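Listed features, source Swiss-Prot:
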| type | residues | note |
| --- | --- | --- |
| SIGNAL | 1-21 | signal peptide |
| MOTIF | 54-72 | motif 'RxLR-dEER' |
| REPEAT | 100-113 | repeat 'ADA2-binding IR1' |
| REPEAT | 114-127 | repeat 'ADA2-binding IR2' |
Amino acid sequence: MRLTYFLTVIVVATLHAGGTALATAEAPNHAAIVNVASADNVHSLDTTAEIGGRMLRKVKEDTVSKKDHEERGPGAILERQTAFVKKLFSRQNAIVNRAQGAFQRQNAFVNRDQGAFQRQNAFVKRAIQRQNHFKLSDNA
């Protein structure tokens, strides 16, 4: 069974169980809510001139909060998110740069050690060649 049919059956069953669908279908002449201001609101408007009536006070508008609450696009949110991402990447780049610097220092140390090792090997090879040369010249 498809999902749309399943959802349609659920909506119809819910409306039928709640009596919403049948009430409008069975009694089309049933009184509906009228789009007129309620009597309480009209009465309160009339009594504002009297001393005992409820009077509403005007509140000073705060321009900062008005700017914060006005509808706007996602620009401010995106600016905050991009600032956060830039800050995150700058921290990550700093960590990567430190790691690369440490790696380069380690490589320089290893290269220096390898150079010393190669020089030592060359010295040992020359010493062995000299010994072999002297042995050959002694035997001749």
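Even glycines carry a Cβ here, placed using N, Cα and C.
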Residues of the parent chain within Cβ reach of the repeat 'ADA2-binding IR2' (114-127), under 8 Å, 6 or more residues beyond its termini: none
Counts by DSSP class (helix H/G/I, strand E/B, coil) across the repeat 'ADA2-binding IR2' (114-127): 14 helix, 0 strand, 0 coil
Mean predicted confidence [pLDDT] for the repeat 'ADA2-binding IR1' (100-113): 80
